[in-house]
Amino acid sequence: MQSEAQSPRSSQICSTEPVFGGHQPRRVSHAVDVRWGGQLVTIGGDAPVRVQSMTNTDTADAIGTAIQIKELANAGSELVRITVNTPEAAAAVPAIREQLDRMGVTVPLVGDFHYNGHLLLRDYPGCAESLSKYRINPGNVGQGAKRDTQFAQMIEAAAKYDKPVRIGVNWGSLDQDLLARMMDENGARAQPWDAQSVMYEALIQSAIGSAERAVELGLGRDRIVLSCKVSGVQDLIAVYRELGRRCGFALHLGLTEAGMGSKGIVASTAALGVLLQEGIGDTIRISLTPEPGASRTGEVIVGQEILQTMGLRSFAPMVIACPGCGRTTSTLFQELAMQIQTYLREQMPVWRKEYPGVEKMNVAVMGCIVNGPGESKHANIGISLPGSGENPAAPVFIDGEKVKTLRGERIAEEFQQIVSDYVARNYGRTEALN
């Protein structure tokens, strides 16, 4: 019997040059500019992957909707989508936009249209002008001959008001005429595809076919974003891999319904993480079901954290904290990690403006001597709190060097001040750069 060191498998592993690498290069796509006033958000091209969100208010309630949009924008949402489903909602859109402008909130608004968008855009020009982008669902824009006419009316409105569109296909509202035709064609094949593959192909054909029709109607390729949303993780990955291969349009990623709590977060992360790692995706929306009474901003934070943990963007300083074990019977490190994370998020609206680059800072809060000092040295700022039976002292590391040891009841306050001082010292104020 060969020893492990002599086995062919072991020899092969040891002699093979390691191949390391991060995410794949971004898929090439048309850049789509979305504007409101002086605010420009570009989707696709070489722009960063964008985070967007959607309100759940009654859009006819202009004040309530504007308040929620402001909350989402303050959390970091770069575009906010609102439902435009009734004449009352369409009539409220200019008032919503006006209130946001008065509050200094310039985030572009996306109108979400289903069934009657062609009528609302025609009858409420103030709505058409106040929105920065239109979402069109080709599966419910109309049936039969009306579908082509009503789709054309929406594209003509987009061209008239110089607005980009997202042609968003959902498997829950897929064009049934297209699906029936494709099922019939599949039945005539010598080797028919399975039903799932036909569904995937129908989603892709609906999206690309509608986009090409929009181009024929005069809308530029740089005014079109596509999406093909489904609820299953593997389904989303399969559809977007093929969609990305077959077109050059900017792509919007997201599950149709991710679900609640940890399940929704895990599903979204699993699906989007794979696609983003492969360079597929230009903007994302995390469709979480919030807990009753919970803030809508959770979906924005999850989207940001997906991009930041993958190294694609930076939004706020990252707090690295150990999970705890039998060595960490004290809850001090957990409490400190939570306090520091909350403190950093609270400071970011000001720090983002005054201290550019601070969003890339890493802070480590560790619970014992095993990994604490080592992990702390790899962060910009780190603290290693004492575990069970350890000396009741907490060494602090800055840029890899031990600079101080904290003791006593005010460790949290003192460490927070160290973080604040580090930010002020290491990240230049914007006025100093101008």
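Counting begins at 1 with the first residue displayed.
Cβ atoms are placed via backbone N, Cα and C, with glycine included.
The secondary structure of Glu375 ([4Fe-4S] cluster binding site), as reduced to three states from DSSP, is helical. In sequence order, Ile320, Cys322, Ala364, Met366, Gly382, Ser384 are the residues near Glu375 ([4Fe-4S] cluster binding site), counting only same-chain partners six or more apart with C-beta under 8 A. What Swiss-Prot records for Cys322, Cys325, Cys368, Glu375 is [4Fe-4S] cluster binding site, and it gives sequence analysis as the kind of evidence.
Annotated compositional bias 'Polar residues' per Swiss-Prot: 1-15, in sequence order.
For 1-24, the entry in Swiss-Prot reads region 'Disordered'.
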Neighbours of Cys322, Cys325, Cys368, Glu375 excl. site residues, C-beta within 8 Å of centre, [4Fe-4S] cluster:
Pro323, Gly324, Arg327, Thr328, Phe333, Met366, Gly367, Val370, Asn371, Gly372, Gly387
If you count, for each of the binding-site residues Cys322, Cys325, Cys368, the other Cβ atoms lying within 10 Å of its Cβ, which residue has the minimum?
Cys325
